[in-house]
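Undergrad: Here you go, one structure.
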Amino acid sequence: IRCFITPDITSKDCPNGHVCYTKTWCDGFCSIRGKRVDLGCAATCPTVRTGVDIQCCSTDDCDPFPTRKRP
């Protein structure tokens, strides 16, 4: 499977059986810059704490960098 990986946001091969993920959360600059984003691959969908959103998928390049809605 191929997943986008941060910080370069490039598509890279991940080991067989892994899933791609997009993890987003707010930090101190969330109102100005939007949510922080972490893209990667893992053996299983990571468990996250409250306030962190995660989406996992299992097809090539299914985790593109999320677009931010403009006001």
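Using the three backbone atoms N, Cα and C, a Cβ is placed for every residue, glycine included.
Residues or ranges marked as disulfide bond in Swiss-Prot: Cys3-Cys20, Cys14-Cys41, Cys26-Cys30, Cys45-Cys56, Cys57-Cys62.
Show me how these features fit into the structure around them.
TA: When other Cβ atoms within 10 Å of the Cβ of Cys20 (disulfide bond) are tallied across all protein chains shown, the result is 26.
DSSP assigns Cys14 (disulfide bond) to coil, not to a helix or a strand.
In the three-state DSSP classification, Cys30 (disulfide bond) falls within a helix. Every protein chain shown contributes to the tally, and the Cβ of Cys30 (disulfide bond) ends up with 12 other Cβ atoms within 10 Å.
Long-range Cβ contacts of Cys56 (disulfide bond) within its own chain (separation 6+, distance under 8 Å): Val19, Cys20, Tyr21, Cys45, Pro46.
For Cys62 (disulfide bond), other Cβ atoms within 10 Å of its Cβ number 17.
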Undergrad: Give me the CA-CA distance between Cys26 (disulfide bond) and Cys41 (disulfide bond), in Å, as a whole number.
TA: 21
Undergrad: Report, in whole Å, the straight Cα-to-Cα distance of Cys41 (disulfide bond) from Cys30 (disulfide bond).
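TA: Counting only the Cα atoms, the answer is 24 Å.
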